[in-house]
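**Q** Supplied in structure tokens, the structure appears directly below.
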Amino acid sequence: MSGDYEDDLCRRALILVSDLCARIRDADTNDRCQEFNELRIRGYPRGPDADISVSLLSVIVTFCGIVLLGVSLFVSWKLCWVPWRDKGGSAVGGGPLRKDLAPGVGLAGLVGGGGHHLGASLGGHPLLGGPHHHAHPAHHPPFAELLEPGGLGGSEPPEPSYLDMDSYPEAAVASVVAAGVKPSQTSPELPSEGGTGSGLLLLPPSGGGLPSAQSHQQVTSLAPTTRYPALPRPLTQQTLTTQADPSSEERPPALPLPLPGGEEKAKLIGQIKPELYQGTGPGGRRTGGGSGEAGAPCGRISFALRYLYGSDQLVVRILQALDLPAKDSNGFSDPYVKIYLLPDRKKKFQTKVHRKTLNPIFNETFQFSVPLAELAQRKLHFSVYDFDRFSRHDLIGQVVLDNLLELAEQPPDRPLWRDILEGGSEKADLGELNFSLCYLPTAGLLTVTIIKASNLKAMDLTGFSDPYVKASLISEGRRLKKRKTSIKKNTLNPTYNEALVFDVAPESVENVGLSIAVVDYDCIGHNEVIGVCRVGPEAADPHGREHWAEMLANPRKPVEHWHQLVEEKTLSSFTKGGKGLSEKENSE
């Protein structure tokens, strides 16, 4: 109330001052009164503006409420009314016929959309002219009144209706046969006489009634028609029935009756062909009669060779591969190819990975620097692998090619084809790491300079990796400190030239060592270790112990070595008898 009272008092004061200013005609006071007029115009009256704001707000709130109400009604209609309508439609004749009808229900079951029973048995079916009539003749007249005088035996038969014969009782089948209607498959009818080429005719099986049909049966007339001409049915092993006698309770088993022209076909039926039961292995190879030894072909590879005499370059173009075996559970492989120019295995090239295919097309070109005089002693080695993101890559097969000079002189438009031979398990090639060690005894500093890595394992689907190097200072199986390099994107031969410095006292240098891991960086998920190498006085690798001893023998001097990367589980421990780092610790 105090706020409203003060506002009202201020408004009255402004009105009073404005009236006084309006009555005073003096020029001196006119300027002073001008500011009161402006103040009144800005602050008073505010009633219409407030009313407009409230009206606009109410309109917005009302509109939003109407929109929300409409959305809620639409969602309710979609969630509640539509499913109930569909459920009701399927129950009232729009859905399939039920098989749980009582034995008294006739062939009609549920007709139209009303869902009313037209007869308690087949004898009262309207199609057969029985005495039963619909409960509402005004709306649904009997089908007997809609038929032409010719009945079922006329020249214009009714459209065939597809019904489920599995639910018919034995009495219903008998009445069907008595009325002159016979069941048949949905395929065209067989003529009653056994013609040539009909193959084999079987008597109906014992047990009475008709054989169970896996699909919907067709009720057609026995009278010949022109609308549905009879076509010869292809030879099958199903039982063909010519007539059904409901009075017989026991029948002999079905026996083959050879017909004219069908003796040879009858002999072929039922014979076992052993060649069809031999297993087919990956790539279409028979596994039943083969020995399965190494060297079996597992696909083919196409490539082209060319030697450049001016630059001493051997150009290799990998074109495609065909009929590779499936290595994954989905029936495909993720193949890629590595090539070496033997006996040098340090320099290698690798194609891109092709996902989910057994016939990859590569079309990639690589060059090897090799003098012409050495080309006769060199061999080209192709290794086809299946890429696996979370485990070791599977070796599909390999091709070793000699006589390179002779093959390189062939026309370039004639590609070479070779069978990919299945080889034994090959040692995992994870790459190599080049780094130097330098120890300063006076300062107590151990400097590890990571220079470069080569031929790293591809960890990404692009055929590359995002590697970085992590060095850990280890003492008695525990990690004391760790240092990391920068990440090099999309490469298998990164160059770092980065120094990692550790504080190591002179009295402790004989009790520590280094674990150096090359890790593939992933933006999503965990980083994966490509390979590790370890150096120190108690390292399991002799090369790692030699490198450490050479560093101690040459203080203040960097000692550089290449180290082969190995898997973490291959090198079970850091020391010869102690506990090493786990793979999880290496990837951190």
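Glycine residues also receive a Cβ, built from the backbone N, Cα and C atoms like all the rest.
Swiss-Prot lists these features:
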type	residues	note
TOPO_DOM	1-54	topological domain 'Vesicular'
REGION	10-34	region 'Cysteine motif'
TOPO_DOM	76-588	topological domain 'Cytoplasmic'
COMPBIAS	183-205	compositional bias 'Low complexity'
COMPBIAS	213-222	compositional bias 'Polar residues'
MOD_RES	R286	omega-N-methylarginine
DOMAIN	297-418	domain 'C2 1'
BINDING	D328, D386, D388, D394	Ca(2+) 2 binding site
BINDING	D388, S391, D394	Ca(2+) 3 binding site
DOMAIN	429-563	domain 'C2 2'
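Map these features onto the structure and tell me what's around them.
**A** The average pLDDT computed for the topological domain 'Vesicular' (1-54) is 68.
D328 (Ca(2+) 2 binding site) falls outside any helix or strand according to DSSP and counts as coil.
Sequence-distant neighbours of D394 (Ca(2+) 2 binding site): residues of the same chain at least 6 apart with a C-beta under 8 Å from its C-beta are K327, Y385, D386, D388.
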**Q** By DSSP assignment, list the helix, strand and coil residue numbers for the domain 'C2 2' (429-563), in that order.
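**A** Result for the domain 'C2 2' (429-563), in helix, strand, coil order: 15 helix, 68 strand, 52 coil.
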**Q** Inside 10 Å of the Cβ of D386 (Ca(2+) 2 binding site), count up the other Cβ atoms and send me the figure.
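**A** So the number of other Cβ atoms within 10 Å of D386 (Ca(2+) 2 binding site) is 19.
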